[in-house]
Amino acid sequence: MEKMNWLSRLASRVPGHRVPQGASLQTPVMADPETCLMVFKNHWSQVVRILERQGSRAAAGGADDLSAVRNHTYQMLTLLAEDRAVPSAPSGPGPLLEFALREDLLSRVLTWQLQWDEFGDGVEERRAEQLKLFEMLVSEARQPLLRHGPVREALLALLDACGRPVPSSPALDEGLVLLLSQLCVCVAREPSLLEFFLQPPPEPGAAPRLLLFSRLVPFVHREGTLGQQARDALLLLMALSDGSPTVGRYIADHSYFCPVLATGLSALYSSLPRKIEVPGDDWHCLRREDWIGVPALALFMSSLEFCNAVIQVAHPLVQKQLVDYIHNGFLVPVMGPALHKTSVEEMIASTAYLELFLRSISEPALLRTFLRFLLLHRHDTHTILDTLVARIGSNSRLCMVSLSLFRTLLNLSCEDVLLQLVLRYLVPCNHVMLSQKPAVRDVDLYGRAADKFLSLIPRCCRHHAPSPPRPEHASWARGGPSREPGRREDITGPGSPSVDSSSVVTVPRPSTPSRLALFLRQQSLGGSESPGPAPRSPGLTASPTSSPGRRPSPAEEPGPFMAVLFAKLENMLQNSVYVNFLLTGLVAQLACHPQPLLRSFLLNTNMVFQPSVKSLLQVLGSVKNKIESFAASQEDFPALLSKAKKYLIARGKLDWAEGPTAGPTPRRSDSLVRSRRPSLGELLLRHAHSPTRARQAVQVLQPGRDGTGLGLGGGSPGASTPVLLPRGGASERQGEALRVKNAVYCAVIFPEFLKELAAISQAHAVTSPFLLDTSEEVSVPPISGFGPLNP
């Protein structure tokens, strides 16, 4: 797994990358080592006189002494930063550094200056000056100063002094973080130096000290540049701790780093907006352009990404402790109650936040703890997952956000998610008749399922144009001539249609184009075309043997997730266009999965289910009948359908022209999520600034909230004959216009969804890993590397 960009962007901050005081800025005295040494000794002699003066603090000239020492120290450290090793001894210290080490210059000056802290006047100002001088020396030195004990001791004394109660100021905090950041960069270049900064316990039984680390922790959740520098420096130390058991144990056992990170996430989450200002009807998730301008959310995301990076590079002890603290200190006490707020707006916000968090983190250990929280944690006797599943059937906005969350969960390709949502209900095979259990592994090699899905396209949505010439590859047979394209096999079996195994069906060439390509290609040709006459709709209602009032037993139910998806799918005519895009995309995502149980449940049109269990084919047949009934009740349905197609095509072309940058930047590695072309629904659900010409084209056709724009009851100038609405109040007219608009868009989306299911069923026939002989043992690799969710 590639390292995150936290480490790479620190390269420009290592010593030597600053613009040096080059020859053009260098005075002649700096170019002469002997002269530099003479000047250096002269400054030191002036300082020594002041240091050795008795009672200087009480003298009237005490302030003058402080100023003189400060000025002389600045000159000496400037010369020391320019010092180089002599050519005869390139590995040894330079002449100025050798003299400073011999005289213990840094510690003596610092000790004298720290004595003035007792008086309490100007302490923060002096401390900021000291930090700035040492930062300049460390960052601009041309020699490895930290290899020498006297230099490290002086730095540790200064860092220890920074822990004393001193009035804080922005300059003091900035100087401290900048010095610590430079020290961490130097230590990262020479990891062996890290343990020199780990001080032994001051007394028996006490914990050791790593001031380089402990002084950075209070700044980890600061906003702005200061917090970013602190997190960058801490991340360097985390990476070093992976190779140092001593430092790793110190961070895990003797520091408050992990509790601070977890409790900081909780505090930052409490400051997030409880209500999200929705930018448009198609909004369903938080993208970077949505949250980057919200300071509270941007700060939280920065801290969450930092936690993800720490778990990625830190010592295993630190990783485990941080994951546990995030689960027990943030997810359970904070996210759990937030997801169960009574206000719908708060539920929408918390669900959108959770989806954003899952989409942003990439480290498997952190993803595992989020999934463990969702799948196993119970809030008021119900798991978080059950609560989220139930919300799919709620109002439009909460439904869209919930569907977006489950789309992200399925994109993780985690077997535990699929098991909890679907497979644990399908594994007993109680949803199928006993005689059908051996057929679960069957693969549709002859395109019968694809033909069945295409036969469900409503007659009112078909373009009755002459059939194109029949290509040679259209007939799929194992031998012998193919049948006439207009012939269809009789449907056998009430409730669960089947096709004679000897039949040969005319189907397109197997392919898996994106939803956008399918939609644009079919609509540009004038609608969906069938290779033969439209087949008669098979009987797709429930089996006559099932009583109307009988509820399916728990053993027969396909699970609450599939039940709520099917219920929402059956009400496609009442859903908004954006809900239908998310809904059909989620069902198609499930259908793409190669697991035989799931594939047979969704795509095997010959499977005979229990009388009380609805199949996807039955649900789609119900939607087809509703669309045809609606089309028969609207005299101008063809004109409305044409307008809706034009709008969706224009919107699709608009978002496709904007390119993939309109969507969120993927953070997950290729091993977890495979890249693919965006679907039509994804493109239409994006928020992006549009080119002027395309924006104007879409605005002409865009449906309004009042039903205008497509001739769906609004009477816009460019619309066709308006729909005759019932007389009554404005709310009734708007409600009827919305109903008509949703139904017309459903009539556009539904055929494309059927074509996609047909393409997916064909793709399974040529890509399924279960095409081996039934006598052979099938070995399927695990879906993901998350491992078990149980702790």
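Using N, Cα and C of the backbone, Cβ positions are placed for all residues, glycine too.
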In Swiss-Prot, the member of SER169, SER244, SER543, SER690 to which phosphoserine is assigned: SER543
Residue carrying phosphothreonine as stated in Swiss-Prot, selected out of THR246, THR381, THR541, THR708: THR708
From the candidates SER496, SER716, the one which Swiss-Prot records as phosphoserine: SER716
